[in-house]
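Features of the protein shown, as given by Swiss-Prot:
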- 1-30: compositional bias 'Gly residues' (COMPBIAS)
- 1-45: region 'Disordered' (REGION)
- 31-113: region 'Required for DNA-binding' (REGION)
- 113-144: compositional bias 'Low complexity' (COMPBIAS)
- 113-154: region 'Disordered' (REGION)
- 191-236: region 'Disordered' (REGION)
- 215-233: compositional bias 'Polar residues' (COMPBIAS)
- 344-365: region 'Disordered' (REGION)
- 356-365: compositional bias 'Polar residues' (COMPBIAS)
Amino acid sequence: MATGGGGGGGGMGGGGVGGGAGAAGVGVGGRMPTWRERENNKRRERRRRAIAAKIFAGLRAHGGYKLPKHCDNNEVLKALCNEAGWVVEPDGTTYRKGYKPPERMEVIGCSVSPSPCSSYQPSPRASYNASPTSSSFPSGASSPFLPHPNNMANGVDGNPILPWLKTLSNSPSSKKHPQLPPLLIHGGSISAPVTPPLSSPTARTPRMKTDWDESNVQPTWTGSNSPCVVNSTPPSPGRTMLPDPAWLAGIQISSTSPSSPTFSLVSSNPFSVFKDAILVGNNSSRMCTPGQSGTCSPAIPGMAPHPDIHMMDAVSDEFAFGSSTNGGHQAAGLVRAWEGERIHEDSGSDDLELTLGSSRTRAAA
């Protein structure tokens, strides 16, 4: 009787499992199984049911297990757990007898029911419920790493910094480099980017200084005594830069300066323009340009005149401009024209007149 009942129970249990397997077989791949596949499944299911019937019959006959007539594998597992000293509740909760766990262990929104003999202790997870004012600093009420009365009541350490981060700034590696600043770690999340506050110097874009008109703002090269600065840098129309009189003290200015534009390009005394500026007066606004005199030196008001001494006296006669190789001597300051050149003695650069039109119009004018 017991054996027959066991066989019937096994048949019922096997049928249930077999039906599930058949349904799963139909759903696999989204197609209907072929005839040969269905026959193989039936043969496999009949063999499984026969083995399950023998197992249930042996447990009822020799093990003394209280198995219902129509039982499944879960009932057999429950019976085996009861014999081994485990308790299986109707919802499936299993634990050793005498070590019933607490009702529920709430840990930051999740429930964990560890086994009594397990050494696994769930660690609290950090909360990332950010406050409205910042996207990286968690709120104090939801984060377990911030000091809060609720956190201390739940047994969670309210220390805002982890212990191993505390000793990071005091480690030997940081002592080797005393010039490095100490490590400052915020109590919240340190992985999210943080927008610097308005008081931070990095939050404001660097701005150029616009106080160019102030008298105390001077270039770095104005204090130098280099004579090349004055000649190579055109002065501003709004201000007059006076060169250092020290480097002009030893220069002797000549009174003779031909009016030919060609002479100024190869003039033996390019500083003759300074005397013209002195003779005009202190309030003169005459500025010399390379197109007019060949030099780019501003007028220097207030400079005392010097005796007229030719600078060409220190140069050899054979290298002087206008000298003759046949032994002839020419007067100083005269220029001899070469082939194809005309020297305009009677017209200066200021007397030139520009006319437009054809040759007839110019002839009539």
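The backbone N, Cα and C atoms fix where each Cβ goes, glycine too.
For the region 'Required for DNA-binding' (31-113), the mean pLDDT of the prediction comes to 82.
Per DSSP, the region 'Required for DNA-binding' (31-113) is made up of 41 helix, 10 strand, 32 coil.
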